[in-house]
Ligand code: 1CP
């Protein structure tokens, strides 16, 4: 068995100190990230330049010695590889050519052609698997189909995912066809990341919380389960983390229904509740509120200890409940790491 702590936790081992990494650990709160990003020019050039993408992935590992590195890329690269144009408006966020009709879904590229666009991402993974310290686990990732579809349908981020919900109600056939295209392409995309050296993969379903009732089962649980089953058939034993953000009660049984080895938790659930209802069926990841990386101090130390304590009796990977924000103080991250490791 591997001695990498993240892999041990993912296999269900209860460790005396939880392994730790952080969502968006390579990001704008780090001066060295801002410098490399300036060198790349814009965000997408950074994603598609393997040496620079590998460099920013390594920066938080050098600074904090996190137990895992997450490939630097974005969930929107896969839909871009399917054809729609993608760009980032400065200070606003992503914009994408929309896919809202059956004709547009049919016009998407075949999944065999995505690798033409995505090959630099696989090269970044290969560089990282050579350059990471031997104790650090390399995590690859993709967006889950529902979350990716919300951007493809609206052409941008939105608070309520209204455009995707509207298409789901008005034209279920088109909506389901789009989910299927993304699901199949995601399997191939993640499979290439694994072949290039990713040791774990994570599915980000950032907007899972807006799917209710049967929709949650049909569009968060089922596509995730399909991706996991297909990946496991190709890569037996591959550890997989799923993040159905803000799933609430939907977290209960999510690992069992999808086959994920670990469920990542956001801050809408308390660690005590999650230990009792989610960690009972396997490894969990999370869930310190990212705000503490901005505010720091005694509250950071107290809340960090609370998370560690609540999950102490089961397999746990320490993380934030969502990505660290650009206004965070790098010193607070160091304090969190020290508190997790030294108590
Ligand atoms: O200006 C910059 O430097 C861009 C900021 C940024 C960064 C650092 C974006 C734009 N993406 C990323 C990297 C990124 N995105 C990673 C890299 C690995 C890491 O360090 O964690 C990952 C895993 C993502 C995943 C991602 N992108 C998600 C899912 C996770 C989440 O945060 O909920 C989503 C929803 C995106 C879309 C996206 N990309 C970028 C932004 C600002 C957004 C959100 C847009 C919105 O909905 O408003």
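Heads up, the Cβ atoms here are built off N, Cα and C, so glycines get one too.
Copied over from TrEMBL:
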DOMAIN    19-28  domain 'Uroporphyrinogen decarboxylase (URO-D)'
BINDING   24, 25, 26, 27, 28, 74, 151, 206, 322  substrate binding site
SITE      74  site 'Transition state stabilizer'
DOMAIN    139-155  domain 'Uroporphyrinogen decarboxylase (URO-D)'
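Tertiary neighbourhood of the domain 'Uroporphyrinogen decarboxylase (URO-D)' (19-28): same-chain residues 5-6, 8-9, 34, 37, 56-57, 59-60, 64, 66-70, 72, 139, 317-320, 322-324, 326, 333, 336-337, 340-341, selected by CB-CB distance under 8 Å and a gap of 6+ residues from either end. Taking Cβ-Cβ distances under 8 Å and a sequence separation of 6 or more, the neighbours of residue 322 (substrate binding site) in its chain are 23, 245, 266, 267, 290. Straight-line distance linking the Cα atoms of residue 24 (substrate binding site) and residue 74 (site 'Transition state stabilizer'), rounded to a whole number, equals 10 Å. The Cβ of 28 has fewer other Cβ atoms within 10 Å than any other of the binding-site residues 24, 28. Over all protein chains present, the Cβ of residue 74 (site 'Transition state stabilizer') has 17 other Cβ atoms lying within 10 Å. A 10 Å cutoff on Cβ-Cβ distances gives residue 151 (substrate binding site) a total of 28 other Cβ atoms nearby, all chains included. Of all residue pairs in 24, 25, 26, 27, 28, 74, 151, 206, 322, the annotated binders of substrate, the farthest apart have Cα atoms separated by 23 Å. For the pair residue 26 (substrate binding site) and residue 74 (site 'Transition state stabilizer'), the Cα-Cα distance reads 12 Å.
The CA atom of residue 151 (substrate binding site) is located 12 Å away from the CA atom of residue 74 (site 'Transition state stabilizer'). Cβ neighbour count for residue 26 (substrate binding site) (all protein chains, 10 Å cutoff from its Cβ): 25.
The domain 'Uroporphyrinogen decarboxylase (URO-D)' (139-155): residue composition by secondary structure is 10 helix, 5 strand, 2 coil, according to DSSP.
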